[in-house]
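Data block below; observations after.
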Amino acid sequence: MYHPPHEEESHSTILQQCDDSGGRSRDTSQQSQEKEDVEGQDQRKVGLRERLKHFTWAWFTGTMSSGGIGILLAQTPHRFRGLYTIGVVVFIFHLAFFVLLCSLMATRAFLHPRHFLRSLIRPVECFYVGSFWLSIATIIGCIQEYGITLGPERDWLITAVRVLFWIYTGVTMLSSWLQFFWFFRTTPQNVHAMNPAWLIPAYAPMLTGTIAAVIAPYQPSRSRMPIIVAGVSYQGFGYCSSFLLVTIYFIRLINSGLPMRDQRPGMFFPVGFIGYTITALTGLSQAVPRDYGYFAAHPSAADTVATMALWTGIFLWVFGFFLFSLAVIACVESIPKMGFTLAWWAFVFPNIGFTLATINIGTQLGSEGILWVTSIMTILLVVIWLFGFGALVRAVWIKRIMWPGRDDDKDI
């Protein structure tokens with residue numbers, strides 16, 4: 001008797017072939033567009049005024065990465081003569097770069113006010129507003145590291161850092177609330193449109209915990225406890241918000257596959273929420289004032305908190321490494337065809353948090369092997385940071401960024 005072929009299997013095979021050929025077609029189309037962009041085949045004459053219109057908030061991912069490098073150099077475990085000076089130079093460069101970007105953004109707001117206002121509320125660019133606040137967080141951290149922890153430790157500077165911390169705490173939470181509310185209300189998106197940059201609005205208040213861990217040990221006990229409580233609570237907000245968004249991110253990966261090649265560096269953003277959470281919890285646990293308030297009344301509580309923070313950090317670390325490995329594989333596969341975008345700074349900032357977390361774990365475990373691994377990680381991040389600046393300058397020169405239709409503001 002004649003048996004017809006299984007229709008379901010044939011149909012599935014045809015669909016798979018169509019998907020494969022469609023994917024190859026999309027890749028080929030994207031490669032052609034990238035080649036056209038990079039080689040500057042578009043000869044439109046665009047003046048400086050028009051290019052400044054496309055100076056987006058994503059530029060501040062460069063300053064937050066520079067400040068993060070400054071903090072990392074201050075905390076790297078294996079030190080040498082001159083490292084403090086190198087860190088100070090990086091910090092000064094970070095400040096100068098930040099002032100330059102603020103000036104350019106103010107110029108954009110003056111020349112193109114309506115376009116600027118839309119950048120605050122329209123995706124994808126609006127999500128990068130948080131990188132401005134993250135840049136300020138790293139400035140506060142660098143002031144602490146190079147002015148107090150490794151510096152002269154002036155009383156007035158300790159007070160100034162505390163005031164800056166509380167201002168940052170209030171402003172970033174308000175900014176995050178408003179940004180998410182406005183996004184939910186006016187510009188809802190499908191899951192397939194999810195971009196790891198969506199995590200940045202949650203990162204800004206989350207860094208309160210990391211900065212609290214940096215400054216708390218040098219604050220007087222009566223000021224230290226409120227900082228620690230704020231740091232833990234804000235870290236909880238940032239972690240939970242980021243975890244929800246990472247869940248959406250995984251749904252997007254399952255439904256739509258990997259991001260476009262140029263956007264794959266953004267896959268490192270989820271690594272940061274694990275890294276900075278570990279950094280905050282382990283750092284704050286070491287800063288508790290044993291002779292003040294709750295910890296004076298419960299002498300064993302400080303050791304309990306330190307133990308819980310360390311093992312919670314170890315518990316989370318492997319998940320962070322999984323996210324890191326996923327991003328590395330996706331990016332390595334794309335290197336030959338990956339053009340520069342400002343998302344490249346995700347190679348640096350999230351991985352700084354992961355490195356700081358590993359430093360804290362290695363220090364508290366007393367593992368010299370782990371600490372040497374973190375020193376290698378630090379060197380690699382500095383090299384990537386320097387390479388990123390070279391790629392940034394080249395991208396501006398060849399009109400790959402700050403150009404109509406090629407930045408995060410193309411949808412506004």
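Please read every residue number as a count from 1 along the shown chain.
Each residue, glycine too, has its Cβ placed from N, Cα and C.
Listed in TrEMBL for this protein:
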{"type": "REGION", "residues": "1-44", "note": "region 'Disordered'"}
{"type": "COMPBIAS", "residues": "1-11", "note": "compositional bias 'Basic and acidic residues'"}
{"type": "TRANSMEM", "residues": "55-76", "note": "transmembrane segment"}
{"type": "TRANSMEM", "residues": "82-106", "note": "transmembrane segment"}
{"type": "TRANSMEM", "residues": "127-148", "note": "transmembrane segment"}
{"type": "TRANSMEM", "residues": "163-184", "note": "transmembrane segment"}
{"type": "TRANSMEM", "residues": "196-216", "note": "transmembrane segment"}
{"type": "TRANSMEM", "residues": "236-255", "note": "transmembrane segment"}
{"type": "TRANSMEM", "residues": "267-288", "note": "transmembrane segment"}
{"type": "TRANSMEM", "residues": "308-330", "note": "transmembrane segment"}
{"type": "TRANSMEM", "residues": "342-363", "note": "transmembrane segment"}
{"type": "TRANSMEM", "residues": "369-393", "note": "transmembrane segment"}
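Listed as Cβ neighbours of the transmembrane segment (308-330) (distance under 8 Å, sequence separation of 6 or more from its ends, same chain) are residues 246, 258-259, 264-265, 267-268, 270-271, 274-275, 277-278, 281-282, 284-285, 351, 354, 357-358, 360-361, 364-365.
When each of the listed stretches 55-76, 82-106, 127-148, 163-184, 267-288 is scored by C-beta pairs under 8 angstroms to the transmembrane segment (369-393), 55-76 comes out highest. Distant neighbours of the transmembrane segment (55-76): 83-84, 86-87, 90-91, 93-94, 97-98, 101, 104-105, 107-108, 119, 125-126, 128-129, 131-132, 134-135, 137-139, 141-142, 145-146, 149-150, 197, 214, 342-343, 345-346, 348-349, 352-353, 355-356, 359, 374-375, 378, 381-382, 385, 388-389, 392, 402, 407-409; these residues of the same chain sit at least 6 beyond its ends, with a Cβ under 8 Å from one of its Cβ atoms. Sequence-distant contacts of the transmembrane segment (163-184) (same chain, at least 6 residues past either end, Cβ-Cβ under 8 Å): 121, 123, 126-127, 129-130, 133, 136-137, 140, 143, 201-202, 204-205, 207-208, 211-212, 215, 227, 230, 234, 237, 241.
Here the transmembrane segment (127-148) has Cβ contacts under 8 Å with residues 56-58, 60-61, 63-64, 66-68, 70-71, 74-75, 84, 87-88, 91, 94-95, 98, 119-120, 154, 157-158, 160-161, 164-165, 168, 171-172, 175-176, 179, 195, 197-198, 200-204, 207-208, 210-211, 214-215, 218, 349, 408 of the same chain, all six or more residues outside its ends.
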